[in-house]
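Enquirer: This is the structure I have questions about; it appears just below.
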Amino acid sequence: MRLLLWAAATWLAVSAAAHPGRGTGGEQPLSRIAVERTVHAIDDAAHVKASPLVLGLTGENTEWVDVEFFHPSPSGDDWIGVFSPADFSSAICEPENQRQYPPVLCTAPIKYQFANFKNDDYNRTGKGSLKLQLINQREDFSFALFSGGLLSPKLVAVSNKVAFANPKAPVYPRLAQGKSWNEMTVTWTSGYDITEAVPFVEWGEKGGRRVLAPAGTLTFDKNSMCGAPARTVGWRHPGYIHTSYLKDLWPDSLYTYRLGHRLMNGTRIWSNSYSFKASPYPGQDSLQRVVIFGDMGKAEADGSNEFNNFQPGSLNTTYQIIRDLENIDMVVHIGDICYANGYLSQWDQFTAQVEPIASTVPYMIGSGNHERDWPGTGSFYGNLDSGGECGVPAQTMFYTPAENRAKFWYATDYGMFRFCIAHTEEDWRPGTEQYKFIEQCLSSVDRQKQPWLIFLAHRVLGYSSCAYYESEGTFEEPMGREALQELWQKYKVDLAFYGHVHSYERTCPVYQSQCVVNASNHYSGPFQATTHVVVGGAGASLSEFTTSKIQWSHFTDFDHGFVKLTAFNHSSLLFEYKKSRDGNVYDHFTISRDYRDILACSIDNCPRTTLAS
């Protein structure tokens, strides 16, 4: 039965490659390992050694480890798996019934690399070495040598243990906008349960008095997962997720903060120090810059196969945003966050990758199919894309100012911007709770104070010339724009952003599949129609476009990239599409519009009038 389940999961992962949200060859790389088919093949002549033994002696949460190994009978499919906790043997595996022997291995590695990677003589000599990057993940590590490839793993040798000096330390802070404009939330991960230590944040204006703010603590267990692999080989305890609310911030003021835990004996454990700039007052006329993308995922700086050729642009996107961080005020990541797909260790890997960004500016997320979808759990789509996570890690690891974080739709304001973030994995059609939210979010904004109205969703509810959507005959997510385009037009939504399709596309200002005005690099005067933008190329394997000529499709790019919006004032907005490979601008346009232009009527958005005077 276990073998059949594994084979079915592998087939589903491979067959998913045709779908735009899943990429070409886009299965979770850890799913390639037939974990439960592992057998003992311990060879006393083989060995694996890792050094240094203790990591993070001066407070680092990321370290490089040297792994040396030898196999007397080497082959090209030998590989090294990185395991955490270090004791991954059958001692922690439970048989399904009394007559079954427990499997040798019941947990997936957190990453792996083939033994001959950059070891050209390995197949001849059996000697090799790897330099692997580890992050602090609350447990110790060991490195195991396997033969037999990924489909028939044979455990040959296991290394010594390696650990961080304080594996429970508070790590990877993630800022997010609170429910009010002058509130910032800080979420982080640690190994401290509330019975061991009290979490808090020490913070204050830069150079001023610092105060303490309490933090709440959440976690989840295996029973919160909806299916395999999240409940089986992909399960790893997520640690404890703490969130503190920093309130009554002064607009645009610079604050510093650090994460803390007070142990029961009074000792205080501290993180590094960080800083952020508070949000502007809603409607404030000042320079405001927001980066938007979807489907970034994560990748490994050490070149390990765990994400080789799966999210090749992820590190480039992260690097370009970090490089320009002084000129960015907020980031919006609209779904398909890290592609853990039920392998829980990857959430730590992702939060470590984006820490330089998320610890400095609000990192707002939306939910995608790879976070939420699972059959029989209330998701709009009944596929297996979340790997059994059914939304739980995403809504716990990151804060969003949603009324119900499990539903994942919310509004957030930043100065002159209003962002309405929908959740495409729940029904959005007229009559639903989400439809009412979308209309309320769009209709309630004061356009004199916040002229730039932005709609965001993971799946393409608007327009896309992706080859997959063409094959469905829709050029959109089925039932997408039919349900919502009248709202976008009525409330004069400037821009609508989507992920899911792993490439870039910009339309003309379009309504009912017609260009209301021709696409341009500059728009001025009254609003005519919404410009739709697919920006799902932040990291995952790229999606092909149709070869047909689509009249509303103005600019496409089969490459990794992201969008940056710059509001100079209430009348001028700059849109830039940048490639992740070099950070240069490859598509751009500006909007110049006064308040009277927003009030002016166009197609299907003229208010009723009276002849009375």
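Using the three backbone atoms N, Cα and C, a Cβ is placed for every residue, glycine included.
Grabbed the feature section from TrEMBL, which reads as follows:
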- 48-166: domain 'Purple acid phosphatase Fn3-like' (DOMAIN)
- 173-277: domain 'Purple acid phosphatase N-terminal' (DOMAIN)
- 289-504: domain 'Calcineurin-like phosphoesterase' (DOMAIN)
- 529-588: domain 'Purple acid phosphatase C-terminal' (DOMAIN)
- 1-18: signal peptide (SIGNAL)
Enquirer: Report the DSSP secondary-structure composition of the domain 'Purple acid phosphatase C-terminal' (529-588) as helix, strand and coil residue counts.
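Expert: Residue counts in helix, strand and coil order: 0 helix, 31 strand, 29 coil.
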Enquirer: With DSSP as the reference, give the number of residues of the domain 'Purple acid phosphatase N-terminal' (173-277) in helix, strand and coil.
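Expert: Helix/strand/coil tally for the domain 'Purple acid phosphatase N-terminal' (173-277): 3 helix, 56 strand, 46 coil.
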Enquirer: Averaging the per-residue pLDDT over the domain 'Calcineurin-like phosphoesterase' (289-504), what integer do you get?
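Expert: In the predicted model, the domain 'Calcineurin-like phosphoesterase' (289-504) has a mean pLDDT of 94.
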